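Chemist: OK, TrEMBL features for this one:
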| type | residues | note |
| --- | --- | --- |
| BINDING | Gln10, Ala11, Gly12, Gly13, Lys14, Gly110, Thr111, Gly112, Glu142, Asn169, Asn187 | GTP binding site |
| DOMAIN | 2-195 | domain 'Tubulin/FtsZ GTPase' |
| REGION | 231-262 | region 'Disordered' |
Amino acid sequence: MKLAMIGFGQAGGKIVDKFIEYDERHGSEIVRSAIAVNTAKADLMGLKHIPQDKRVLIGQARVKGHGVGADNELGAEIAEEDIDEIQGAIDSIPVHEVDAFLIVAGLGGGTGSGGAPVLAKHLKRIYTEPVYGLGILPGSDEGGIYTLNAARSFQTFVREVDNLLVFDNDAWRKTGESVSGGYNQINEEIVRRFGILFGAGEVSKGQEVAESVVDSSEIINTLSGGGVSTVGYASEDVEPRESGGLLSRLRGEDSDDDLDTAHTTNRITSLVRKAALGRLTLPCEIEGAERALLVMAGPPRYLNRKGIERGRKWIEEQTGSMEVRGGDYPVRGSDFVAGVILLSGVTNVPRIKELQQVAIEAQDNLDEIREESEENLSSLVNDDADELESLF
Ligand SMILES: Nc1nc2c(ncn2[C@@H]2O[C@H](COP(=O)(O)OP(=O)(O)OP(=O)(O)O)[C@@H](O)[C@H]2O)c(=O)[nH]1
């Protein structure tokens, strides 16, 4: 599947940058175009792969290239005011060659949190291609203001996109790690999962076309209907053996017989269970998910239809949904088999409820402090008996 990716804010830019790196490493060709948008000049300069002319600095008149300091209302205002500058960069995208837009943003900050929903609304008005969001939830240790930003942005972003894929930093945070080192690893996890998912619909020349290969329309159909999505992943190392030449086929090395079919099937079904029941990008109850897509990636000889069919049926049972698609993503020469499950339209998500609860508390606290603040300042500055007079 070919995407036009727009990284909004620091986290968004860094993750899109990583997607490009992933694409180059795997030849998956999912990033057809990439753009970074930010209010902070330094963040844009720190990117490695997004071309210089695709980095858009907005809000210069308001914040002079220094970012919005986690004020997402200001982030949204600036995005609206400077939407033409962003559109200028988007105009350079050959939109007829992309299957969808993907806007990536950290929802806890200011620029991406406020700007991403504004851009989604704008793109949906102009283009017929689907507009998806990849929203990153902040860690619960980041504090009330980040949680409040994320809760408000989440609500707005879901409404404005065709589907919001969510990744929760909180579920992936490791203790005892430096923040930047931690993010680097987390970002690798993000692109691995979404890279396989979106790469599945983009089997390029020279790669095997399997019997039941996943097509980008299956990804689009799974995401259509809107709402919130989460992704599960599990992998197992296998022996990479480059074969498929005439000689090896004559020797019978590339036939299915040399791999135990039952073993291959069992590996696939066990990976499907691990992917669905393990850590999801957004932890939630999978029962009740409206639609799902299973992608099995790996060397063709380690994929079989029976395994995928069983895995698909198992997901149907677990989710209670009859709309579960499944297929292969054959990757020659790969040294692992991976199962990726996209669960779309999930609604039983305790983490979101918890986030909203903390956000409401943070909002009440902010309102209270703001109300009291004027009174407190006045009692500090003015003497009790009001004997002093200001200069002017
Ligand atoms: N997964 C991941 N999350 C990140 C990364 N950097 C920041 N975040 C998260 O994203 C949130 C928003 O941070 P930024 O993207 O830096 O904020 P911004 O959109 O640039 O907005 P301002 O800095 O307020 O102008 C943070 O609260 C973190 O939860 C990253 O590299 N990876």
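Glycine too: its Cβ is placed from the backbone N, Cα and C atoms.
Annotations in TrEMBL come from automatic prediction, not curation.
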Chemist: What is the maximum Cα to Cα distance, in Å and rounded to a whole number, among the residues Gln10, Ala11, Gly12, Gly13, Lys14, Gly110, Thr111, Gly112, Glu142, Asn169, Asn187 annotated as binding GTP?
Modeler: 20
Chemist: Do you know which of the binding-site residues Gln10, Thr111 has the most other C-beta atoms within 10 angstroms of its C-beta?
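Modeler: Compared across Gln10, Thr111, the most Cβ atoms within 10 Å surround Thr111.
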Chemist: What three-state secondary structure does DSSP assign to Gln10 (GTP binding site)?
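Modeler: Where Gln10 (GTP binding site) sits, the three-state DSSP reduction gives helix.
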Chemist: Does anything in the same chain, at least 6 positions from Glu142 (GTP binding site), have a Cβ under 8 Å from its Cβ, and if so what?
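Modeler: Sequence-distant Cβ neighbours: Gly108.
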Chemist: Among all protein chains shown, how many Cβ atoms are found within 10 Å of the Cβ of Asn187 (GTP binding site), not counting that one?
Modeler: 20
